[in-house]
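These come from TrEMBL:
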- 6-208: domain 'Orotidine 5'-phosphate decarboxylase' (DOMAIN)
- Asp12, Lys34, 60-69, Ser117, 169-179, 192-193: substrate binding site (BINDING)
- Asp60: active site, for OMPdecase activity (ACT_SITE)
- Lys62: active site, proton donor (ACT_SITE)
- Lys62: active site, for OMPdecase activity (ACT_SITE)
- Asp65: active site, for OMPdecase activity (ACT_SITE)
Amino acid sequence: MILNSRLILALDVLSRDRALHLATALKDRVDYVKVGYPLILAAGLDIVGEIARIAPVIADLKIADIPNTNTLICEEVLDSGAAGIIAHAFVGRDSLSACVEAAREAGGLVFAVTEMSHPGAEELMGPAAERLARMAADCGVDGVVAPATRPERISLVRSIVGERAIISPGVGVQGGSPSAALKAGADSLIVGRSITESPNPAASADAILREIR
Ligand code: C5P
């Protein structure tokens, strides 16, 4: 995994042109561009390959299906140029292992969601997060996604996943602090709207980079 700037751009925009413009403007400030359903549904799967020619892409499809379907989804998005995928852990060991195997075949990275960053995640995912992190580590994932909105959860996940990467969304608009998340044990921050909706995205990214350096 690339850990230079420790910033992953969440490119949740709906226009292909805007996505390409932002990826180009920010490529030297971020290690990966995270592309998810909003952009892929709006612009088509080819956008993954187009962005991948600018910066490495993590496809955040939060894959959560039976093993066979997970394999098909992973193969499709990794073939289209993604360097990594994000899958849900809660679906179970067999489903997550299917993603790990597909990622290994393609030479890609796989990250498992143990707990999401929004308030609703505390209802069901929070209480299960430790078990999910343990299972994800057992399955051989490269990393897990843990919430920057709850740094104490990052520390807990770190104690479970050891050297595996922790990537953390929830900084900025969702209220998480970049430095607190890294101090708690995150390896990289996933940041979307505080950069993409800024009047000056590069300056906003630079402000985060200054805070975490
Ligand atoms: O705009 P903002 O910085 O809040 O974007 C956070 C990004 O991280 C979004 O793409 C969201 O889907 C994603 N994400 C999250 N919580 C997770 C996993 C991914 O907020 N557990």
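Placement of Cβ uses the backbone N, Cα and C atoms for every residue, glycine included.
As the structure is a computational prediction, the values presented were derived from the model and not from experiment.
In three-state terms derived from DSSP, Lys62 (substrate binding site) belongs to an extended strand segment. Of all the Cβ atoms in the protein chains shown, 18 others lie within 10 Å of the Cβ of Asp12 (substrate binding site). Ranking the binding-site residues Ser117, Gly172, Gly176, Gly192 by the distance of their Cα atoms from the Cα of Asp65 (active site, for OMPdecase activity) places Ser117 first. Around the Cβ of Asp60 (active site, for OMPdecase activity), the same chain contributes Ala10, Lys34, Val35, Gly36, Tyr37, Ile86, each under 8 angstroms and 6 or more positions distant in sequence. Among the binding-site residues Asp12, Ser117, Gly176, the ones whose Cβ sits under 6 Å from an atom of ligand 1 are, in sequence order, Asp12, Ser117.
On its own chain, Lys62 (substrate binding site) has Gly36, Ile86, Ala87, His88, Val113 as residues at least 6 apart in sequence with a Cβ closer than 8 Å to its own Cβ.
Asp65 (active site, for OMPdecase activity): 17 other CB atoms within 10 A of its CB, across all protein chains.
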